[in-house]
Structures are given as C-alpha cells and as structure tokens.
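For reference, the structure is listed below as structure tokens.
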C-alpha cells in the first residue's frame, strides 16, 4: 500500500500547547494570527504572559525569524498588540513578533504595586540584586535566555535568528540586550531611556533593584555600555532610534538621546536618530513609524538567515571534488509513462560535456506544466523522462569551455536559455527572450549533442525542458543556468525558475502595465497571483481577480486585487460582467488558466480601442483559440508570453536581488513543503488539491 508522507502547511503553525503554556486569547489579523499565552517562568518564579504574532508563512516546515518588542512603563503585552498596527508589515516581511510583559505580576512583594515607575509594570529589564526583588525581578534573564528558548521550542521560530526593539523603558531594555549579546541581528527603539543612570526614572529603579553602587548600574545603561564596550559590529544597519520632538519626557530629561549619540559617535558606532516633529511619547507616534522599524529588522534578520543557510549549503558542496568527472548515482523521480505515478529510482548522471554544468538540486517547486506533461497533454512529452523545471541548485562540476560559472555557484536552471552570442538575433533584440540556440534538442529530450546524461542500467532516460530537476543531480546547458546571489535560500529562489517570474514578467515586460491602469486576471494560481502582485507594484488602480475557487480571493486581495469575481455567481458570461462594471472593458487582461474558453473571455473584456490580452496559460495539445475578428478590428490586441519575457541569465539574478531587498515578497506562494525525492508524488497530489500555490520539495 502507498504510504502518504505527512506534510504540514505553513498556514497551520506549530504550537505545542498543553502543560508548557496556557492559551489565553487568539485573534486573526491581517497577515497572520495573534496568540496571547501564559507560562510558568523559572526566571521570575511567577506566571508570565506574552503575546506572539505568527505570520501566515510560518509553520512547522518553515521557521521564521523573530523580532522581540519590549514595552514601556505600566504596559503589558497588550499595548503594542492593540495599538501599534504592526501586523500587516510583519506578515509581509515574514517575521514573528514576540511581546513579553514588562515585569513579574503577583509576586507578593510588599509595595510592588505602589507606584507606576517601580515594581509591577516597571521591571526595567534588569536582574535585581536587592532583596526582596532579587527572587522575582529578573527580567533581563527572562528576556535574553528563558523567553527565546521557550519560543524556539514551542513556536516555528528560526533558531538563533532574532532582533529586538522597544519603547521608552523597553527601548532602554532593547538597547542593553542588543549591546550585550552578539546573537541579536539588529536593534531599534522608540523614545528610549538612553542613560538611565542619570535620569529620575533610572535612579529610582536602579537604586531599588541594584542598590546604591552605581558601578553595578553600568551594565544596564546603553550610554555607559557604548562608552565602555562599543562599537557593536554585529548590529546590522547600526542603531535606529525614532524620537518625538514634542515628547514631554524628552523635555524633562528622562530620555537623553543626545548622550547616546555622542557616545556612539565617539566610538565610531553607526547610529540614526530621527527627530520627528510634533510627535509625542504615545502609541500614535509609534504607529506612524513602526513599519519602518519592521522593515529595518527584516533586512537584518533575512540576511542572517541567508548566511546560515549558505553556510549549511557550503558544507554540502565540500564533497564535490570527489565526484567531478565521474558518474554520480542518485535518486530521481522517474516518469515511465503518462498518467503513471512517478517512481523513485537510482539513476546514473553522467559528467557534463562541453558547454554544460552538472548541478546538485537543493529544492524544487512543482509547476502545473510538470503535471500537464505527466498527464500526457504535452505533444512534446517523451517517456521515460525526469520532469521538473523550477528549482534552485548548486554547481557541482563544469564542462569544457564553460565560463562565468564555477563549482559552488548557486543557480536557477531556466527552460528558456540565453546564449548571448553575437549572431543570435533573439538575444540581441529587446523584443523577445526566445533564444533558439538549443530549442531543437531540448524539445527532443536530449542535451545539445543529441544524447542524454541520465540512464538506468544503461538505458537512456529523456531530459525535460532542458532542466529535469526531479533528480538530486542533473545536467543542464550552461546557457540555461542563471547564477544568483547565495543570500536567498534556494527553496525561495526556485520560484523564479518559472511560474512566479512568468507572472511578474507578463505585466512588466510583455504588457508594460502603466500606473492607473485597469487589469483583469483569470486564474489565481501562483502565476495569476504574481500577475496581481506585479500589477499592484506597477500602480494599477483597479485589479479584477477571477476564479471559480473563492478560497483564493483573500490572497488575491492581500496582493492587490480590488474586485474578486466568481463566474458561477453570474448568469451571463464573465466578460460581459467585467465590461458592465467598467463600461468599455479592462485595459490589460491575463489568462493564467490554459483554458481556451477563458482565453476568449479575457480578450473580449479587454478595453475597446486599446485593450491588451496576454495568454500565459498553456493549453492542452490540439486546442485552438477563437473569437470574432471584430474583437481585434476594434483595437484589442491578443499576445502571449513565455517566461514573462525575461532573458533568463541576465534577469533572474535581478529578480533575486529585488527579493533580497524586500521589493518582491515570495513567501506567500509556498503553501506546502515536502522533504526528499520520494515525496514528489505527494507534492503532485497537493497541487491537485486546489489550495496549493507552490509545493516545494527539498532534497537537501
């Protein structure tokens, strides 16, 4: 019997609730979910509450970086949660937020509730040394040690990838924690108490918690730490501080950012202090700039995560010397015939010949084109073959004459090559990306010399689309290998090998959608959603999202759709509905279904006189498109796109860089993750399920 491998979608975060913690509240918010929980703390010897924001992309198989937020005097974990408005930005950035309380509560210490600036709600993120506070008021240890360990054990947190920020007393705490612990990627603060040793709040708290010896205070004072131990090179982007110029506590001398700035400049520490005119100390101030802080931390966190991933992959490539020039035996998911489940086989992968590279595939995303071919609908489909064409890989060896690539390079195999030869009129033209250099042999399932690099017991196995990435190792033409930055994890980079890149390019290259345009997108798979994302970035003012599966509408709306339409909700053809909603139709329409009837609908709702309709979806063999010639006579244009018009080797690296700098979010497309070649059939099953955008199978 077939055993189905269990997979957890990142839409269902890992939570080991039970004896470890008690759930208190759960809220759905834009971009994720908020949970408030309580647990028994060893550091404070009391129950401690904290709130967690889990982005939609977080899950058991997709752990995400963590950004800790420390609140100010009198606050609980609820203040930031309900007032800051940070969740949309955090969700888009794929970052978990953790908001702890500001002190132990109910410790039973006489006088702990007597004032707002000492005791309950005012733990000052120190480890108290004075009785009776020393037994419970150990917020530094709680924030630095106990809470991160708890989060990494019970939530989908990426181990060791964390940053910290805070407000007022919490800003003080964030600075002290980050200055004292090199495992924090970045730090920022809103109106922090920068020199607590010399302000009334700090004097009161430090005297009570730490005693009268001011030398003991310095370890919890950001300005003193900067003076004695700065600079702090591990803090990516330096230190970011926002301060309201109309803050009453700035005027009263509680905050003193000028002292921290002077100490930082004296030590050569990069620091940015933004004085915000007319803003005060409240959450109205924080909510105005919290998106900037989250973006600041996201850049640092994702850079650290990428470096850790790169280091792990570098270890993978250390053994390549032993295999170069030799046949490699590895696992591959082989398609022996149409409509048959893929079978995991041990295949022989020959060394690369002239103009070729052999690569180790790290991650592969399933595309509907793979399934389309497996179902026998592709007229060029050949069997037995190794499918797969949307992958991230590492170069294992290079063939004779290959330049611009080296062993260890990260690449995205591309089914559309780019030879860049002087005599290639296609590579030279800005009008197309359809380089024909190896098109003839690629369509025949072989390498440019007419032979295959795959075999089983001496019998050749066909290649597919020049990629064949359902194999742990594959051989591709060097002109099909787009060298990319090692900073982007290959399980994300693989998305730029086909579907997502195609949707983006259809908008930016093929149709060149302008700001203020109207757009209609038919089919809300990964390609269609990428079209919506690109149209939104281009400034389209109205974007129609059309699909018979309404469960896809929330994601479409999140990416920029303004109108979601289900054809079955209407008694007349959907093109007539859209024309009725727009008077003359939509300026740009995109078919992402491969259904010829939908292609016609997309054309016929294009704007009279100048509307453009782009065919992206691949129709089944033998299908033909049709419409009344009058539709074209009256100014509509029908066009198509392959790989979104991107010239593969020069464009894919640019898309990766745009992803790294935060311009292009791709996490939302990966709805399912699997491990191992053996699970490719499970990934295909998920793709058929209707709620899968991209299923990524990780090989290493």
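Note: Cβ is positioned from N, Cα and C throughout, glycine not excepted.
Residues or ranges marked as active site, charge relay system in TrEMBL: 168, 247, 281. What TrEMBL records for 354-478 is domain 'Alcohol dehydrogenase-like N-terminal'. Taken from TrEMBL, the feature domain 'Alcohol dehydrogenase-like C-terminal' applies to 526-649.
Cα spacing between residue 247 (active site, charge relay system) and residue 281 (active site, charge relay system): 5 Å, rounded to the nearest whole number. Cβ neighbour count for residue 281 (active site, charge relay system): 21 (other Cβ atoms within 10 Å of its Cβ, all protein chains included). The active-site residues considered are 168, 247; of these, 247 has the fewest other C-beta atoms within 10 angstroms of its C-beta. Note on the domain 'Alcohol dehydrogenase-like N-terminal' (354-478): its mean pLDDT in the predicted model is 96.
Between the alpha carbons (Cα) of residue 281 (active site, charge relay system) and residue 168 (active site, charge relay system) lies a span of roughly 8 Å.
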